[in-house]
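J.: Pasting the feature list from TrEMBL:
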TRANSMEM  A:21-39  transmembrane segment
DOMAIN    A:82-267  domain 'ABC transmembrane type-1'
TRANSMEM  A:83-106  transmembrane segment
TRANSMEM  A:126-151  transmembrane segment
TRANSMEM  A:191-224  transmembrane segment
TRANSMEM  A:248-267  transmembrane segment
Amino acid sequence: MQKMSFTRGKLLGTSHHWRGYATFMIAVILAVLILPFFAPHDPHTVQFLYRLKPPSFDYPLGTDAMGRCVLSRLLYGARLTTASAMAVVVCASLIGSLIGAIAGMVGGVLDRAMMRFCEGMSVFPALAICMIIAGTLGLGLKAVIIALMCVHWTDYARVVRNAVIVERSKPYVMAAVALGARRHRIAVRHILPNIIGPLLTLSAYSMSWAILAFAGLSFLGLGVEPGTPEWGLMIAESRNYLRDYPRLVLAPGLTIAAFVVAVNLLGDMLGDRFRVRQINYLH
Amino acid sequence: MIKRTLLGVAIAALALGTFGATSQDAKASDDNTLIIGTMWESQPLAMKPRRSRFFNESEILDTLVKLDYDLKPIPGLATSWERVSPTVWRFNLRENVVFHDGTKLDAEAVKFSLERVVALLPYAADLLNIKSMTAVSPLVLEIENTEPYAALPNQLTDAITVVYAKSSFDEAGEFVKPVGTGPWKFEEYRKQDRTIVTRFDGYWGEKPALEKIVYRYIPDHNSRTLALEAGEIDFVTNMLPSDVKRLSKDADFKVYEQPTSGLYYGAFNAGDKSPLSDVRIRRAVNALVDRNLIVEGALDGIGEPAWEFFAPEFDWAPQADSKYSLNPERAASLLTDAGYEKTDGKWTKDGEQLTLRILSYTSRTEMPMITEAMAALLNQQGIATDVQMYTWGGMLDLVKRGEYDISVVFWTPEMTGHPDLHLKSQFHSKAGLNYQFWENTEFDAAVDTGRTLDAGTEKDATYKKAMNILHDDAPIIPLVHKVFVVAATKDVKGYRIHPSGFFFDFKNVSK
């Protein structure tokens, strides 16, 4: 009886944090969606007669080699980068969690086979896999999102599988089993609420991973179409002007760095809240 | 782990790309060695059309006929040539020429070499048009063509016709390494790194001042120039326009800048898969792109706006009667004719905006900038674009399958000082390099005839006709005429840009 109530308490606590996290994420998403409206110019407008201008009142961060407003491109890039990174994280976590939960709940040969497959995946350098997938599917945003997802779901599968195995042996699960609950009900109603903390923490970290990976692939020319306001691509396109106009590389570079630091801090905060110590972080 | 790996790779790529060149053997060069940073690897162990240009460019091997600084044919390994009958050319070879392996150059050796070239390089057969070759005496070679062939001496300046010694090939006739008659002999090749040539003391011409030339492969356009500034190399090719500006102001370096043959152009897909199969749209695109803005905006003014196929500096090729010009009104009426309608500033047909898929490649310095600028200018005029950058090979795959609308490429039309090379190899409907699905029987007939004609009014008229068809039927959009730029340290003396853009001529260089 005592143990049951302990579990309930933890559950309530979890859902409290879950609400805070959700509010925060919605605020971030809204901010990112609204940001482009503050852009002073159209990020695509090319003005050859107004290229490489220094920062001014009209162009707070100056213009790039094609005469486009750097600030506007950064603001539009925020939406594109965040939305793509979110897509990667959401898809990877859903697929990975489902597979991890099945492996953890079913166990046995299936579990071993799945985990060996995940390990196999993580042996390959992620960038190489992304390049192969993006190369096969053809260049473009969709290909990169799919590629990053394919690489990333294994992390979730392993974390969820380990968490499920730990939780499965706990008394509250045994109690549920004794009451005759079915396996999927145990997984969804009992175990999932108890591992949501580690999952959310992992998702914050993987968000920053996705942003960096996305920018990296764009930098290498595998991501979005040339001319798109995307941070990694902005660095790649300004690279040729690094010596004479370092601000063109610094602006997107520092933005990426700041964004990643912010998301990582959020992850740390969540980790502290949930007292995530023993999660098997794979990256 | 994954995150670290990916991040590490990305950072390493960045660091290597930007600073990689500065980490090794600084100041490796002494007064007798010239180190050159090149954009493409100087591959001495492959004999493909694009690559074997290096053999001529670096003068490891010589051609029978060479081009002077006005692109006029001058003696190379042949001292004189004459036509003994409409279809037969006689070449008198230079005396006392030895190959790097010590064997003597004679008519049999030249015959052997040209036969190997034709056997190994697909487009050489059409270029040279040889029916048979006869070594009349040790120093006289007669070449019989399948038709009267006035273009032959010019064609023999093409880099792929260089004369190889027998020891360049193995028993089975496959290419092994370049053994030639040039002032430089091939010494060493380190894959993806450098190719080294040293002075050949048995050279038939004037002895070069330098002892050794190192061609270093530095593919990143930033690091190549950085390597020059760091003192690691003496000479750099294919610089970024922004670097040209900076180095021009620096007293430690000398920037050489001169128009050479070479055209950046958009090749249209005239096949069924593309809206550009309609000549009206091809003409409209030509009238919508302001080449001045491309030169100013994408190339910092280094280049010449191309409103015609051959650069106006080169007077040996006839020009078409008219040039393209920026003319949005004319473009508008052409597009309207073709069934498009301008709504909200967008050219649409059946509710869909006219969208062009534009491909190019990143390994050549200026390609991304020119491509993006052209796309931006089309966007401003209401034509949507889908720009994708590939490697050269990746782009060519799609182009061969016809999955593109415009591919932005660079080619050197004036390389041999004769209009035949580029016109026939790129635009003839039977040409192996014509991936544009463009076919024009009158054009084919004109370039088939042009190469058989001696210099004179008939030849001019024939090529003028070909140029007019090229202009009117618009299979391409000429964008920029190349201005060749290299930079060297101020110690490098005696360098001169050759207008073919494919010839370093380091014989007279010292430092």
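We count from 1, first residue shown onward.
Every residue, even glycine, has its Cβ placed from backbone N, Cα and C.
Buried or exposed, and what's around them? Tell me for each listed feature.
T.: With a threshold of 8 Å between CB atoms, the same-chain residues lying at least 6 positions outside the transmembrane segment (A:83-106) that come near it are 29, 32, 114-115, 141, 144-145, 148-149, 152-165, 168, 183-184, 186-187, 191-192, 199, 202-203, 206-207, 210-211, 214.
The list of residues near the transmembrane segment (A:126-151) in space but at least 6 beyond its ends in sequence, with Cβ under 8 angstroms from a Cβ of it, reads 84, 87-88, 91-92, 95, 210, 213-214, 216-218, 220-225.
Listed by sequence, the residues of this chain that lie at least six past the ends of the transmembrane segment (A:191-224) yet keep a Cβ under 8 A from its Cβ atoms are 7, 10-11, 14-15, 17-18, 21, 80-82, 84-86, 88-89, 92-93, 97, 101, 126-127, 130-131, 134-135, 139-141, 143-144, 147-148, 152, 155-156, 159-160, 163-164, 167-168, 173, 230-233, 235-236, 256, 259-260, 263-264, 266-267, 270-271, 273-274, 276, 279, 281, 283.
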J.: Can you tell me which parts of the same chain pack against the transmembrane segment (A:248-267), counting only residues 6+ beyond its ends and a CB-CB cutoff under 8 A?
T.: 24, 61-62, 64-65, 70, 74, 77-78, 81, 201, 204-205, 207-208, 211-212, 215, 231-232, 234-235, 238-239, 241-242
